Amino acid sequence: MKVIIAATLLGILMHAFAEECELMPPGDNFDLEKYFSIPHVYVTHSRNGPKEQVCREYKTTKNSDGTTTTLVTSDYKTGGKPYHSELKCTNTPKSGVKGQFSVECEVPNGNGGKKKIHVETSVIATDYKNYALLQSCTKTESGIADDVLLLQTKKEGVDPGVTSVLKSVNWSLDDWFSRSKVNCDNMK
């Protein structure tokens, strides 16, 4: 009987830990000041989707308390009908891990109010000027939503630094959702 109880508890614990975000390690020698000096970027590629991810822009400002605020805007059309959303997110550096953040976002709930969601992020790589690879992990009611986003200061093309980083981890942008392949003005 003790073995059955122990096995059951172990199974419950394993399931609980399996439902947590597992962030990839951030890039070496991450510099917070340099990273947040990139004020405006476009999501040009998304590893897991959904395709609407690549119709987003991030605008970041520094706050006096050491946090940063990112305004995430999303604009696209589906069947001619326009969609616009704005998320206001506060990025707080995780204690002891440079390049990882706990992020609180305010999401409009459709009733004129706002709902808060919690996102964990890790800056996998950046050149502090033109691009960043950002892992984003959100725990939802239906499970874990994990993605890697390519953020770039230009909407089109791929910075050469990105290509070498992706090769080092055996990833290819050919398999990712791309802003150039998704028509944000008429998504189907």
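Backbone N, Cα and C define each Cβ position, glycine as well.
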Swiss-Prot annotation, disulfide partner of Cys137 among Cys21, Cys55: Cys21
Closest of Cys21, Cys55, Cys137, Cys184 to Cys105 (disulfide bond), Cα positions, disulfide-bonded residues only: Cys137
When distances run from the Cα of Cys21 (disulfide bond) to each of the disulfide-bonded residues Cys55, Cys89, Cys184, the nearest one: Cys89
Proximal but sequence-remote residues of the same chain as Cys184 (disulfide bond) (Cβ under 8 Å, at least 6 apart): Val54, Cys55, Asp75, Tyr76, Lys77
Spatial separation of Cys89 (disulfide bond) from Cys137 (disulfide bond) - C-alpha basis, Å: 14
